[in-house]
Amino acid sequence: MEYRSLTLDDFLSRFQLLRPQINRETLNHRQAAVLIPIVRRPQPGLLLTQRSIHLRKHAGQVAFPGGAVDDTDTSVIAAALREAEEEVAIPPSAVEVIGVLPPVDSVTGYQVTPVVGIIPPDLPYRASEDEVSAVFEMPLAQALHLGRYHPLDIYRRGDSHRVWLSWYEQYFVWGMTAGIIRELALQIGVKP
């Protein structure tokens, strides 16, 4: 199923009907979480960030708000909400969490849990100067169009890893972020 137009109700009903299967073995044991913020509009948006070029890891990359689970977090969901507040000033109380996607093993040694949440359209995003250089919204229907993602096989430490690449306006979306978006599309029944 391809989406030229996707309403929030369509997205929510498909996400709720096709619950993710979470029971898979992971390679990494350090926990992290990202928030997949879906902006509540008749034609919903997907909120993304561009990481600061001054960061040691993933500098300048497009990403979801998120990071490592710390000792104060009660769950991976709490970690995703805390990180979203720290990075782009999304109050945890403004997020309607609708579920999680299966965890993803990162090349940096984390098991990353994507948390899907609905946010209001009128939030005043404020990028953390230390971590985020830009905050932008991509139409969800465009983000979930699988034809926009192109595979690239990378060989690292003797193993082959497939990563996905795409552009949105001036933003290069690739790696784990593109993979998570593709997983979300597949989860709601978009066919490759």
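Every residue, even glycine, has its Cβ placed from backbone N, Cα and C.
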Of the ranges 67-89, 90-112, 136-158, the one Swiss-Prot annotates as motif 'Nudix box' is 67-89
Would you mind splitting the motif 'Nudix box' (67-89) into helix, strand and coil residue counts from DSSP?
-> 13 helix, 2 strand, 8 coil
Over the span of the domain 'Nudix hydrolase' (29-160), count residues by DSSP class, listing helix, strand and coil in order.
-> 23 helix, 56 strand, 53 coil
